[in-house]
């Protein structure tokens, strides 16, 4: 076995003509030339490894950056924002000295390749982002999208994803309180596995990813570094550097939630004793990312000895060590006199911790291997000064035709019998059916602070036992709406999440997003992306809810077929006292049902058009953000003042879907009357935005009506909570048993 | 005076802090115990909480059972110290042979989280005296390996001696033999069950029921009146 000489900085300078596999590592020719220009010489193999992963689309946001800037430029003034975009996760002030950090990320591609581990490590990654901010993670949410529910591959992907999320999150002790499950054949081959997490800390505990203070030690702790998660690195591990290496490494990481649980506890204990100057988790791009970002954000440089990294596989090359995405690792910067105590805490939790380097007073990131210097770079050029693309974008040629294919012209039910059949078909369709079979595989109760969990409109967690202070989170997205109009679709996603938070009684504060799109190299996809970002940024500005961070997932397409543009939006809200929360379930018979907002004939992209006609065309519902704000204010006031006992937002499936869900959850039926000016069909199935249905105790009716009247929100009495049937007067009645059967048996029948 | 009730934290314990809260809400004093420490800090009773200690690697509870703290727990339980094992704690108790039988993976092979209906079959133990015999209660259940199994002789003995403490009602969530949700030792001081009473102690939280609180008031009364 022969070894090639170590490719040190010196060696690189002396051998300018050595060909490096930059193309195989995903760099474009001009990108590689830029690396050479930055360094003034060819990069070493290790440097190339770092630049290639850090300048990848995933890490550098090179295609999306020019658009994402709007989230900062249009950010509304908000007193709540403590840490904004650019850190591991945003941080929001929720009062009483508490800060909350939250973020949604994608783990789409790995979850298609290996559903269980792909989804599991998605949870692991987002949770480490939360810990890295200084917070204790308190809940997770999982917005998921799969191909058609009856497609055989969905039965491969979905159960694995769900088991992976459960297997990891349950073992970490994090209640899973929300998310979505959506089926659409556009996600066949490109499932969207997004994962969100929330963490809570005191203001003074906020930590940032920066390495400051020359002489401070850099400590790598957690799992050993292995060969897993090296995507493009399989190239590095082949002929070019060392013929004797195993040539293929698995590109999907393997998770160990037990290790991560220890990592959480030991990190929080170190925070509590104020031992940590800066911290970064190791996620995408592993040590390359952690060292370059820590150094780049700090005041000095950093020197790292790669030989000190604890390995799972002693044959790994330095390039592989730098690129490995082995899970459950973190990197902390600790003052020298506190290192012993830090290592002691790690030992207490049986977590391996090793000093691998120190902060220097220079401005270079230097990495050594077997005594030779293999990396000598300005860390900013790796972490923050990657390429930026102004990708061409153009409104697709088919957009007009799609919008002209008006869903409002589809044949509507003509008889009461047809209306009834379509109601049953809708509530039993895979997208509208109960997801209990899925969510019952997640722990909702652990930590003992869960106030609301799915299928509630938003998940809610108590964060202070004494005062009852709590936070709520909802995630929403509707790829069908966004396909019809990406600008409006992104705004509708925000509007729905915002409304869902308010429906439970919490005040929406801030936003995180996960933007799932096809290939940025397709101008039509890039247009969808640009429109969606512009729409979301405009809407966030108008609603006063800043984007605190998030993630972009591109290349979700198979061949020419891209997924629907799918911006998924998470809204975080705060509630002063969780005792005031409003649930979805009907509470008491005799309570009056009010429909809030305006109902129009809006069926473009609707669940009805999909379920009954398998149709997608026309325009999505009209966006009225001022109306959303007013509706939210009314819902929050009504909850705080005890004027409503249950509430449900109206979104996909329209009013009938909402009423059926409230009825089934509460075990109480409803008698409905079509209000003046509407026909039964529009009343039941329209998806006009800015609406909710609430149950008002009779004693509160006058007060509630007065409030809506005074503030100018249309409130229409549409019926009463009553009996064990859902009845539309003069049209049809369905027993709760019939509805339950339709609503709850679909998913197990398809997937169990 | 009040009682001091220890809650052991193993690596991978998840419901340790929830259990401490439940103990506090019942009016007793929770005391944190650490798996590497044999010292039980003179507590009057011990709870082994739920979670995935050691990741449930090898077999749920199989590694924790050898923790230093368990040496003392086993020794003192045999001498009458009240011990409650919840979920993973129950699994540890069977691995430690303080309770008979064992737990296998759920028969449907999925993790299951639900509000579970139970019947109190033995209200005479240290941890159940605040219930009525035969009382029907709802307690959250959440586990991967909850299927209680034992040989026929053991099952017959448990039934004959009234040592089945809790039985699943309406729906057997994991395929447990005889619908067994929890059992007690002969002396009634050691009780283990799969459902999580510590998650049913506050009206606002979780399922909104408080059916789990009597576990903690039962032991408190017993200890204070002793």
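Every residue gets a Cβ built from N, Cα and C, even glycine.
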From A:26, A:477, A:550, the one annotated by TrEMBL with A:61, A:103, A:513 for ATP: A:550
Identity of the substrate-site residue among A:253, A:399, A:491 (reference: A:106, A:107, A:108, A:109, A:128, A:325, A:326, A:327, A:553, source: TrEMBL): A:253
Considering the domain 'PurM-like N-terminal' (A:86-201), which listed stretch of A:24-62, A:214-369, A:456-575, A:588-727 counts the most C-beta pairs under 8 Å: A:456-575
Close binding-site residues near residue A:106 (substrate binding site), where close means Cα within 10 Å, chosen from A:61, A:129, A:281, A:550, A:551: A:550, A:551
Residue A:551 (Mg(2+) 1 binding site) versus residue A:108 (substrate binding site) - Cα distance in angstrom: 12
Closest of A:58, A:105, A:128 to residue A:550 (ATP binding site), Cα positions, recorded positions only: A:105
Assigned conformation of residue A:61 (ATP binding site) - DSSP reduced to three states: coil
ATP site, defined by A:61, A:103, A:513, A:550: further same-chain residues with Cβ within 8 Å of the Cβ centre: A:68, A:85, A:104, A:105, A:512, A:514, A:515, A:547, A:549, A:551, A:552
For the domain 'Phosphoribosylformylglycinamidine synthase linker' (A:24-62), the mean pLDDT of the predicted model: 91
Distance, residue A:128 (substrate binding site) to residue A:103 (ATP binding site) (CA atoms, angstrom): 11
Where residue A:327 (substrate binding site) falls in three-state DSSP terms: coil
